[in-house]
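Copied from TrEMBL, the annotated features are:
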{"type": "DOMAIN", "residues": "30-110", "note": "domain 'GS beta-grasp'"}
{"type": "DOMAIN", "residues": "117-378", "note": "domain 'GS catalytic'"}
Amino acid sequence: RAVAMSVSHSSRLNKLVREQYVRLPQDGLVQVTYVWIDGSGEGVRCKSRTLDKEPKSIEDVPEWNFDGSSTAQAEGSNSDMFLVPVRMFRDPFCLDPNKLVLCEVLKYNRKPAETNLRHTCKKVMDLVKDSHPWFGMEQEYTLLGVNGHPYGWPDNGFPGPQGPYYCGVGADKVYGRDIVESHYKACLYAGVKICGTNAEVMPSQWEFQVGPCEGIEMGDHLWMARFILHRVCEDFGVVATLDPKPMTGNWNGAGCHTNYSTEEMRREGGLKHIEAAIEKLSKRHDYHICVYDPRGGRDNSRRLTGHHETSNIFEFSAGVANRGASIRIPRQVGQDGYGYFEDRRPAANCDPYAVTEAIMRTTVLNETGVETKDYADH
């Protein structure tokens, strides 16, 4: 019996018709799509405008504004918010010379919106730039039908137990590869530093990796990769969720494992610097758990159970090649004596600005406790 997949109505529109219009000449005019993080701290929004020539740098893209009362970022009586362009990418949906532009959100008084975590992250990254921090983040996500049920799963019941799906091949093992490969190519076209992808342990769950990126670049590229993912899924009529535990029971959750190193960790003998950083992280576990998901650890408490390749949320642990630890040192790094380490605690729906900022505050700026230092006056 054929099962009707739960896809959106708009995905059934004839995409070949759209192609006819996408390729029409623009006579030197350029469509710029502004992308920003909304008041949820997880969702992305976008809108487009026409510029009379192709912007060559981010400075060529003007500030804009939007109605913050419709994105949970302002009250209706004072709703204008500023969009400040911070990083520009090629547009894989409307094609060259059109652009995607990631923006910071400022309130009416030019102060950062509550979910603008890039603002303080940039300050911290500027302070620690001499340590040349590199990051690579592994974004796990789950494909859902528009009915909220995992894409490709039986309408009533569950697929077979986990085992054959991770990095799997075959129609009975992986669901939605067309989406994954389209997202990969779109990111490459855009200039997002995507570096890999694979099917994950739970069926209809996937992962892509972004990096290596230095400093503030990490958050910028991951947020744009997320926007492109949601936009690609829209074309296919399915939903990508970053929920850290989309299915209860004996199924893996979804994380955003964060690989990190400084220049001294990457040099010969860098293992001692890696171990020193892990020691600092071990004394600040509660602080990191609070910033590693948008709800102060409540989302991660569903995922970090000590089972399904996770550590326990209440305990800090570290080990070589241990996927059940808070921090994993790759075996190759242990053998070479230098390289990087992986923080496995961030949830799939974390804000990469918050995660990378927290790591730098603890390991380079030597902050302790649950309070953070304000460097605005320094």
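Keep in mind that glycine also has a Cβ here, set from the backbone N, Cα and C atoms.
Note that the coordinates shown come from a computational prediction; the quantities given were computed from them, not determined experimentally.
According to DSSP, the domain 'GS beta-grasp' (30-110) comprises 9 helix, 39 strand, 33 coil. Mean pLDDT for the domain 'GS beta-grasp' (30-110) in the predicted structure: 96.
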